[in-house]
Amino acid sequence: MYGIDNYPKNYHASGIGLVNLAALGYSKNEVSGGNEGGGAPKPKAGLYPSLPYPSSESVGGMPYVVKQTSHAQNASYAGPTMGMGMPVPEAPSAPAPYPSATPYPGSGLYPSLPSANVSSLPYPTAPMAPYPTGMPYPTGMPQPNLPYPAAPLAPYPSAMPGLPGMPMPYAPMPTSPAPQHNIGFPALPYPTAPPPESAPTQEEEPSVGVAELSFTSVKVPENQNMFWMGRKATSARQNSVSKGDFQSLRDSCLANGTMFEDPDFPATNASLMYSRRPDRYYEWLRPGDIADDPQFFVEGYSRFDVQQGELGDCWLLAAAANLTQDSTLFFRVIPPDQDFQENYAGIFHFKFWQYGKWVEVVIDDRLPTYNGELIYMHSTEKNEFWSALLEKAYAKLHGSYEALKGGTTCEAMEDFTGGVTEWYDIKEAPPNLFSIMMKAAERGSMMGCSLEPDPHVLEAETPQGLIRGHAYSITKVCLMDISTPNRQGKLPMIRMRNPWGNDAEWSGPWSDSSPEWRFIPEHTKEEIGLNFDRDGEFWMSFQDFLNHFDRVEICNLSPDSLTEDQQHSSRRKWEMSMFEGEWTSGVTAGGCRNFLETFWHNPQYIISLEDPDDEDDDGKCTAIVALMQKNRRSKRNVGIDCLTIGFAIYHLTDRDMQVKPQGLNFFKYRASVARSPHFINTREVCARFKLPPGHYLIVPSTFDPNEEGEFIIRVFSETRNNMEENDDEVGFGETDDRIAPSLPPPTPKEEDDPQRIALRRLFDSVAGSDEEVDWQELKRILDHSMRDVMVGSDGFSKDAVRSMVAMLDKDRSGRLGFEEFEALLTDIAKWRAVFKLYDTRRTGSIDGFHLRGALNSAGYHLNNRLLNALAHRYGSREGQIPFDDFLMCAIKVRTFIEMFRERDTDNSDTAFFNLDDWLERTIYS
């Protein structure tokens, strides 16, 4: 198969295929929509049937996976084409055989977390559904042979189809043409002679036509997940008092003798839920109306202050319980400068990490109650309110309490710390998992765990007292001294807590009052604070933990998590790099590698790993890559859920480093050296890799093209790393040679030249006696002469023609003289030729994915941020840009670059304007 690197799409990577997670994160007494008074409804049996993984037994029999999505997909094949409707070149006469494929682990959300070696990168392992059409599949699949592709190359043909004069590395082909699979995204035709997107790499690293196994995506039910840097509001509603206003607001209330009432999160039903009206009346009360002698803290704080109410946010409570284990982190999130005695004005504030920065959230202290009792998170002490107010602040951050229904512990742990969370499927865990957890505990990492839910029973209880589909916090990991008649030594042990805070505890060995405790010395019991209260906390041996739990989450603390003192301490710390980005439909939302023709349009980032890990002998670097989408949970009230996201990693040679960004040809002939194990619709996708020192390209994407969203991408390493965006530099470039035949010859300067006489006659016919052309006169000329490219249009808009005049009107008279008129027509002829080169379907519009190439051909280079801005400004909902809007793009780009260059006299990329000057120039343009 030629040039296709498909990424499979699954719907929940739990290690056992696809399972029903509808029960995850609900409280025991929760009332869910449509089932009033009866608790959360039970999901239908088989709602999320198991989906096996690809087979490692016979790659030749590797079948195709039909992507299951909410919209219809065409799973047919369409003849000998190679993806997106591009023709498949003739196969070489003696194709090289495909090497065998490596297996993909059949379970685990992040199977590569145990420091997968890139030389043995995992690929899919269990049988999948057969090809829907019965089409034969090539008898072998190419293996990237990581870290460097090594499949033999056929001789270079003189040129590739559609790329005249551009010699390309040609990959071995199967003797039968590879079928095209239509995956629901329309073919995007390129110009008849498209510009080379990137030069082929011809160094010591072979280039091969890669046909990797498909990536899958993981679909988590909507009620469980959902969620650039600080430039937009962090919740669905605009918060006027959310950031930095606490002190001034409190002082104002104290001066006026009033109690604070938050206008952004009012005490109404809208702050409780968005999907329906409450089934009963809830009264919002201040702590003084709920309990006598209200306190922020009662005898300090502890994990036992976190008790779950009716809201299905056990994931949040598990993280809050973990937060109490570290006083530094705790008081960063919950500032201690507030209580119900001194300077009390009914106002409190909390701080959460949001996409690279710490955000202060200010709330009033009115809490929802029923019959005078708190209905959501609360403390065991009736007059203690820090936990209830913390939950309210987090609900405000995301728009409502209902927005907190369902989630993963790692999401809240990251918002409390700024760290990055790794997931381990315990059934596929590395043999050193306990050591990993011990080291994580020593670094102050937060940890949680859970059991897979029962697909038929909501929050089913196991015979040992554990709750399925429920989040537990891990509060201690240790080696415990044990002395029995048969054994003396240390036993790996784990302490966990159920946020329900009741008697729903583990009842097996080492449970409360278990006889095993008699073998533990008394001093050890005192050291670990052993008690047997019915408080939801219990101990387990590590072996029982492996046998009964399914997933563990470890939140590694980042530099964002640490105070200045901690950053200068001797404790080992991660090195971190972070960038923000955006997927814009038709421009930078290219979809995954399954969509080869658009994949290269995604944002690209280069990470340079310089030194191997200090304590390892393998000469490799640990890298944790975390891709997080932004502001999705807060938009659940308007039907916006998490996108299905993932990433791929490619090795770069020194020559590759000169190309910015990498184009279609790079990805057509290169295999990824690492990638996210799945595309999944959770807020963050994270994986750990072991890579040789070098340069790597990371391409984050959504699974399907044209899905819009914002994201941040972070890379953590044990040694220093350098990260940069692999993007074009803004400025002028060379005009595409291919448009030269379409351009009129330069107008001779001799006054008696026939061409100049004709142009002068045209100008005089519209200019009149004043010898100048205004925008109305220019519009009449252009509307008549540009009919062939203004398909279905009534002509140029007033704004477009005025901008053309302003571009060349140096004296700002609103009119053009003959020389300016002549220069404008020359520019328009160039832009028209470029547009026709890319409007291959002759529809009068170009696809947004071609905007970068079209502007490059016109001599203008822009980065992704500017392309996104142009697409938002001039693109249609379908991602199309008509001719007059393309001209506006070119005019704006040229005008503002020239305006900047005029003031940047020393080429320092810095220009100075006073306000009057800047407004005059921008308003007139």
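We count from 1, first residue shown onward.
Each residue, glycine too, has its Cβ placed from N, Cα and C.
Given the structure is predicted, the values throughout are model-derived calculations rather than measurements.
According to Swiss-Prot, the protein carries these features:
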- 259-558: domain 'Calpain catalytic' (DOMAIN)
- C314: active site (ACT_SITE)
- H470: active site (ACT_SITE)
- N498: active site (ACT_SITE)
- 559-728: region 'Domain III' (REGION)
- 723-753: region 'Disordered' (REGION)
- 729-748: region 'Linker' (REGION)
- 749-925: region 'Domain IV' (REGION)
- 796-831: domain 'EF-hand 1' (DOMAIN)
- D809, D811, S813, R815, E820: Ca(2+) 1 binding site (BINDING)
- 826-861: domain 'EF-hand 2' (DOMAIN)
- D839, T843, S845, H850: Ca(2+) 2 binding site (BINDING)
Fill in the blank from the handout: Ordered by sequence, the long-range same-chain Cβ contacts of D809 (Ca(2+) 1 binding site) under 8 Å (at least 6 apart) are R815, L816, E820
Handout entry: Around the Cβ of D839 (Ca(2+) 2 binding site), the count of other Cβ atoms that are within 10 Å
Key = 23
Handout entry: Greatest C-beta neighbour count within 10 angstroms, which of the binding-site residues D811, E820
Key = E820
Problem - Cα within 10 Å of H470 (active site) - qualifying recorded positions among C314, N498, D811, T843, S845 - result: C314, N498
Handout entry: Entries of C314, S813, S845 which, being recorded positions, have CA atoms within 10 angstroms of N498 (active site)
Key = C314
Problem - Inter-residue C-alpha distance, H850 (Ca(2+) 2 binding site) and S813 (Ca(2+) 1 binding site) (nearest angstrom) - result: 35
Problem - For the domain 'EF-hand 2' (826-861), residues assigned helix / strand / coil by DSSP - result: 23 helix, 5 strand, 8 coil
Exercise for the section: Mind checking which of H470, R815, H850 has the fewest other CB atoms within 10 A of its CB? They're the recorded positions. Expected result: R815
Problem - For the Ca(2+) 2 site built from D839, T843, S845, H850, further residues of that chain with CB within 8 A of the site's CB center - result: F835, Y838, T840, R841, G844, I846, D847, Q880, I881, P882
Practice task
State the Cα to Cα distance, in Å, between D811 (Ca(2+) 1 binding site) and S845 (Ca(2+) 2 binding site), rounded to an integer.
Solution key: 33
Exercise for the section: Taking the recorded Ca(2+) 1 site as D809, D811, S813, R815, E820, identify the other residues of that chain whose CB atom sits within 8 Å of the mean position of the site's CB atoms, giving them in sequence order. Expected result: E772, V805, L808, K810, R812, G814, L816, G817
Fill in the blank from the handout: Rounded to a whole number of Å, the separation of the Cα atoms of T843 (Ca(2+) 2 binding site) and C314 (active site) comes to 54
Fill in the blank from the handout: By Cα geometry, the one of the recorded positions (C314, D839, S845) nearest S813 (Ca(2+) 1 binding site) is S845
Exercise for the section: Report, in whole Å, the straight Cα-to-Cα distance of C314 (active site) from S845 (Ca(2+) 2 binding site). Expected result: 51
Problem - Rounded to the nearest Å - Cα separation of C314 (active site) and D839 (Ca(2+) 2 binding site) - result: 54
Handout entry: the region 'Domain IV' (749-925) [mean pLDDT, rounded to integer]
Key = 88
